[in-house]
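**Q** Below you'll find the structure I mean.
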Amino acid sequence: MVSPRKGKRIRMLKKNDIIQVAISDLSHEGAGVAKHDGFVFFVDNALPEEVIDMRVLKVNKNSGFGKVEAYHYLSPARNADVNLTYLRTGIADLGHLTYEDQLTFKKKQVQDSLYKIAGISDVTVESTIGMTEPLAYRNKAQVPVRRVNGQLETGFFRKHSHDLIPISDYYIQDKEIDRLINFTRDLLRRFDIKPYDETEQTGLLRNIVVRRGHYSGEMMLVLVTTRPKVFRVDQVIEKIVEAFPAVVSIIQNINDKNTNAIFGKDFKTLYGKDTITDSMLGNNYAISAQSFYQVNTVMAEKLYQTAIAFSDLSKDDIVIDAYSGIGTIGLSFAKTVKAVYGVEVIEAAVRDAQHNAALNGITNAYFVADTAEHAMATWAKDGIKPSVILVDPPRKGLTESFIQASVAMGPQKITYVSCNPATMARDIKRYQELGYKLAKVQPVDLFPQTHHVECVVLLIKE
């Protein structure tokens, strides 16, 4: 719909007004975009080409939010089979879009960010690498526990709230993880365990966290409680392990703070090991409750394989792995290069990376706890000259000081693994100003059914 002609009197929209609109696009977060009388509205569960009756939820200066009251025309790209609960909680905020169209949407997000932020339109963005089976892929679940209708429930919070929606089938989580969560929920109900109450700051059980090795099948169960004393723990452990022999680790975490953080500082192993083990690209990894480990093992392997292919490595190459975590990317590179130098600010992750290198008999990978900027300056003084710098930053992207420090080392290539197209495009623009040219762009779908997209890009020194 077009903006009104100059001078035309406009009735200002207010909350709960219902208007008919056409959806013209999707936002970068997967919401439908509708334009009406100069306003842009964002509408959940609405797709391009759809015509809807929209209830106004909120109006800002030039934009607003609405929700679907009725559909007049449905997009042929709509997946009609998805449970709306997954949209309401954000578990699968793109689940109403067919998977083929999800992949197209994610490619477009990368293209749009590169053009709008970095002014780049002359580099091909490849089609998004997708999953053959894009459901039940998550190897980790973090599930809040609350009282709903008088009983302990597990599920997810409604979007933009702390109202728990009970769920038994989490759609994108490994089905064995779902089974363990539901079994634990039912078991703790029988023991009359009190769920956490955020408002009153009472109750014992806050969260259930489960990890499962994609290849090993090993499972870890973490019970997050508000105090150290636990409930008939021997009986609970016995019943869980009897029903799930693959559970090799049961851990208690104590979080007594009024916070949205999942974990507190204190962990206690109640049963079995402190870690589970899984493999990725032929390397084995010890994974603790807190370890950062990609939640989609199959697609993480494709992501890392893409980064390795883009880097075009040889036995004479030296690679710097910034943001090295527990070593998963760097150790994947180590087999094909002279040496890998990894840096990570979290000391526990560095210890895990060192342990994982030893676990796999890898002797040419070195990990330090430091800021990347300081570590790179130290390595430069020691005469280390990387041919490739690999970066895998958090969503906020790279700092100016990091970019300057990486350029100062003079690598021929920078391989950038991104989880945020906008900050990636910003950083690419800066690298191009400093003498690097964007050569390759490959989106990878690590998070099917959601709006999130990972991307691997290659920058080459001009």
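Every residue, even glycine, has its Cβ placed from backbone N, Cα and C.
What Swiss-Prot records for Cys419 is active site, nucleophile. Per Swiss-Prot, the feature S-adenosyl-L-methionine binding site maps to Gln294, Tyr323, Glu344, Asp392; the stated evidence is sequence analysis. Annotation comment: Swiss-Prot describes 12-70 as domain 'TRAM'.
Context for these features, please: burial, neighbours, distances.
**A** Within the same chain, residues at least 6 positions away in sequence whose Cβ sits under 8 Å from that of Cys419 (active site, nucleophile) are Pro394, Arg395, His452, Val453, Glu454.
The Cβ of Asp392 (S-adenosyl-L-methionine binding site) has 22 other Cβ atoms within 10 Å, all protein chains considered.
For the domain 'TRAM' (12-70), the model gives a mean pLDDT of 95.
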**Q** Compute the mean position of the Cβ atoms of Gln294, Tyr323, Glu344, Asp392, which form the recorded S-adenosyl-L-methionine site, and then list in sequence order the other residues of that chain whose Cβ is within 8 Å of it.
**A** Phe292, Asp321, Ser324, Gly325, Thr328, Ile329, Pro393, Val417
**Q** If you count other Cβ atoms within 10 Å of each one's Cβ, which of the binding-site residues Gln294, Tyr323, Glu344 has the most?
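**A** Top count of Cβ atoms within 10 Å goes to Glu344.
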**Q** What whole-number value in Å do you get for the largest C-alpha pair distance within Gln294, Tyr323, Glu344, Asp392, the residues recorded as binding S-adenosyl-L-methionine?
**A** 16
